[in-house]
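Only one structure is covered here, and it is reproduced in the block below.
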Amino acid sequence: MEESVVFQWSVFRSLLAILQWWGFNVTVIIMNKWIFQKLDFKFPLTVSCVHFICSSIGAYVVIKVLKIKPLIVVEPEDRWRRIFPMSFVFCINIVLGNVSLRFIPVSFMQTIKSFTPATTVVLQWLVWRKYFDWRIWASLVPIVGGILLTSVTELSFNMFGFCAALFGCLATSTKTILAESLLHGYKFDSINTVYYMAPFATMILGLPAILVEGSGVINWFYTHEDVWSAVIIILCSGLLAFCLNFSIFYVIHSTTAVTFNVAGNLKVAFAVLVSWMIFRNPISVMNSVGCAITLVGCTFYGYVRHLLSQQPPPPGTPRTPRTPRSRMELLPLVNDKLDDKV
């Protein structure tokens, strides 16, 4: 009975984590697009740097000032060996996302990002030799096919923005796998991950932002009509980015890497609708069909995962690195470490 209560609480916590991540994610994306398009602040590196600075300050306040979470002490060697690589990849992921928003509509960018389940599965198979049933691979076909159809029929297609979003998928998958390893393997919680990661990301991005966009930002300050209102909006986007970074690692800690990416696909429809209502970017019929095929592929993927979770491994199956540890490894919305609470 107690195990059933713990299981139900874990499912509820995972669903709640995904929902709040959706809310922060869509809000930050729409706000960033507003900054680039409506405020004419066309500096994605600077926006990303502001986000990481706000995340650094927010994590410090939560841990050091409010003491909501205890600080997990990490040796300097482990900070550079474990956290710095994830910070570097996470930084690339955020920058590529903002660059793509600078050149393509939110709807198109979000649809391309739906490619991340495929890249995550491939990376986990190649690097970790993690086992995936053939039906998992088959379920990715409509996701990839839908994205290809959407790309071909996109009315606001931009090659630079498309490539940035595409490479962002690979960065997202790599970041998610690294973060899952850090959180599950080294007992990190979400806020401590942001606490150690955000300063590294700020350090990585600060100098390139100054060198590439510094003069343009100064010129924007002198020429924009309502500077301080725009600055407040940019800082608010940074505050929401901190909440989003927290929610990202909370979702990863509550679920798994592939679940995180698939859940991201399910918010595509909502993000497309909201962006169309605000920016009125043109969407063709075939473009909508491609997006719908992608979402159907995501639903099919979740169904396959559920089916596989109901099938116990054959008796006497030898343990190998490619063999799933248990049925819990296949559950789409449940963390396999129920005793780790955030």
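Using the three backbone atoms N, Cα and C, a Cβ is placed for every residue, glycine included.
Unlike curated records, TrEMBL annotations are generated automatically.
According to TrEMBL, the domain 'Sugar phosphate transporter' annotation covers 15-301.
Here TrEMBL flags 12-31 (among others) as transmembrane segment. Long-range contacts of the transmembrane segment (12-31) within the same chain, counting only residues at least 6 positions beyond its ends with a Cβ under 8 Å from a Cβ of the stretch, are 101, 106, 109-110, 233, 236-237, 240-241, 243-244, 247-248, 250-251, 254-255, 259, 263-264, 266-267, 270-271, 274-275, 278, 333-335.
Long-range contacts of the transmembrane segment (43-63) within its own chain (CB-CB distance under 8 A, at least 6 residues past either end) are made by residues 32, 35-36, 69-71, 91, 94-95, 98-99, 101-102, 191-192, 194-195, 198-199, 201-202, 205-206, 208-209, 212-213, 216-217, 220, 234-235, 237-239, 241-243, 245-246. According to TrEMBL, the feature transmembrane segment maps to 43-63 (among others).
The annotation transmembrane segment is assigned in TrEMBL to 83-104 (among others). Residues 29, 32-33, 36, 42, 44-45, 47-48, 51-52, 74, 112-113, 154, 156-158, 160-162, 164-165, 167-168, 171-172, 174-175, 178-179, 182, 193, 196-198, 200-201, 204-205 of the same chain sit 6 or more residues outside the transmembrane segment (83-104) yet have a Cβ under 8 Å from a Cβ within it.
What TrEMBL lists as transmembrane segment is 134-153 (among others). For the transmembrane segment (134-153), same-chain residues at least 6 beyond its ends with a Cβ under 8 Å from one of its own Cβ atoms are 108, 111-112, 114-115, 117-118, 121, 162, 265, 284, 286-287, 289-298, 300-301, 303-305, 307-308.
Per TrEMBL, transmembrane segment is recorded for 195-222 (among others). Same-chain neighbours of the transmembrane segment (195-222): 40-43, 45-46, 48-49, 52-53, 55-56, 59-60, 62-63, 71, 74, 79, 83-84, 86-88, 90-91, 94-95, 245, counting only residues six or more beyond its ends whose CB sits under 8 Å from a CB of the stretch.
Packing against the transmembrane segment (228-251) from elsewhere in the chain are residues 14, 17-18, 20-21, 24-25, 27-28, 31-32, 34-35, 39, 41, 47, 50-55, 57-59, 179, 183, 189-191, 193-194, 197-198, 260, 263, 342: each is 6 or more residues past its ends and has a CB under 8 Å from a CB in it. The transmembrane segment annotation in TrEMBL covers 228-251 (among others).
If you look up TrEMBL, you'll see 258-279 (among others) marked as transmembrane segment.
Marked as transmembrane segment by TrEMBL: 285-304 (among others).
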